[in-house]
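Over in TrEMBL, the protein carries these features:
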type     : residues                                     : note
ACT_SITE : His195                                       : active site, proton donor
ACT_SITE : Glu326                                       : active site, proton acceptor
BINDING  : Asn96, Arg97, His195, Ser196, Tyr197, Asp261 : beta-D-galactose binding site
SIGNAL   : 1-27                                         : signal peptide
Amino acid sequence: MASKASSMVYFFVLIGSTLLFSNNVYATDYDNYINVYELTNGKISIKVTNYGATLLSVIVPDRNGKLDDVVLGYPTIDGYKNDSTYFGGLIGRVANRIGGAKFTLNGVEYNLPANDHGNTLHGGTRGFSDVLWEVTSYEKNSHVSLHYHSYDGEQGFPGAVDAYVTYMIIGGNRLGLKMEATPLDKATPINLASHSYWNLAGHGSGDIFSHDIQLFASKITPVDDKLIPTGQFVPVQGTPYDFLQSRSIGVKFNELPSGYDINYVVDYVPNGHVHKVAVVQEPKSGRKMELWSNKPGVQFYTSNMLNDTLGKDGATYHRYGGLALETQGFPDSVNHPNFPSQIVNPGENYLHVMVYRFTAHH
């Protein structure tokens, strides 16, 4: 699959965006522009909303052909507006945490909203998952493309940025995301991420302890008590974080105080090509999800903060009811010179590709 996955990058790069409409949307008519877009092709169907460029659902068959929605979400769009879980959101301008809610770039200190214990989380108090995106291209059996213009100084970040995301169905069983961003006038950090919570048994089917997962990552970036990286790289071998060989999430869960919420350093050649990040399998349904990306890190999160959250179809999501695999640059990279840089300059293009492949096995 490696050669196929690598070729997908070029497929993504070739997808163009044709501007279909342009509106200045004001708060008074905000809701009138929120829509849901469905993609269906072969054995997979998804729904996306332009509110936060959010992935609402992914429906795939199990080993017997039974269809289930395997991503967690809210029953109405209003749930996403008042959301603290970031279900399915397109996260930016900088995903994950920035320590101390500040950073220095080119001699200038930038102060950001401190929305997470004195730190900045997922772009601030109103990140990219909390704004209205413009749909620029939509074909039901193919793709939906969205655009957001982030102004200079938004949430404290320097420079204006045009951000783009395309969700597409590739073949009959793959879901692709292409995230791009272009700074218009100043150098700025950019780290876009997709924040879906997965449960391959079905979104309301209980905890994810029986899911088997393999992470192609030999190290993690350990964190302090506020989940800010220390700057170190620590091998996972022989620790509860070791998923180099596929095993159930629940096997060593009792060795961690509050579950998994850590950035893994993906084993890959840093050439910008897509590489395999993770394989997740759910034994009861037979569903298998493989994930490829071109980014150096992946945040593995076991929904440790979920607390009796009202979900779709009358479901209630409890703690550990889903798992997130957020491919990304490393957290707090702006304050760690030894981490891969997230600074993008005007004239440069940020590109983040994710490809999910869904199968079901007897």
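Placed from the backbone N, Cα and C atoms, the Cβ positions cover glycine too.
Just so you know, TrEMBL annotations never went through curation; they're auto-generated.
Source: prediction; values computed, not measured.
The recorded positions examined here are Asp261, Glu326; by Cβ neighbour count within 10 Å, the least packed of them is Asp261. In this structure the C-alpha atoms belonging to Ser196 (beta-D-galactose binding site) and Glu326 (active site, proton acceptor) are separated by 8 Å. Over all protein chains present, the Cβ of Ser196 (beta-D-galactose binding site) has 27 other Cβ atoms lying within 10 Å.
For the pair Asp261 (beta-D-galactose binding site) and Glu326 (active site, proton acceptor), the C-alpha distance works out to 11 angstrom. Sequence-distant neighbours of His195 (active site, proton donor) (same chain, six or more apart, CB under 8 Å from its CB) are Tyr86, Phe87, Gly88, Gly89, Leu90, Ile91, Ala95, His122, Ser129, Ala324, Glu326, listed in sequence order.
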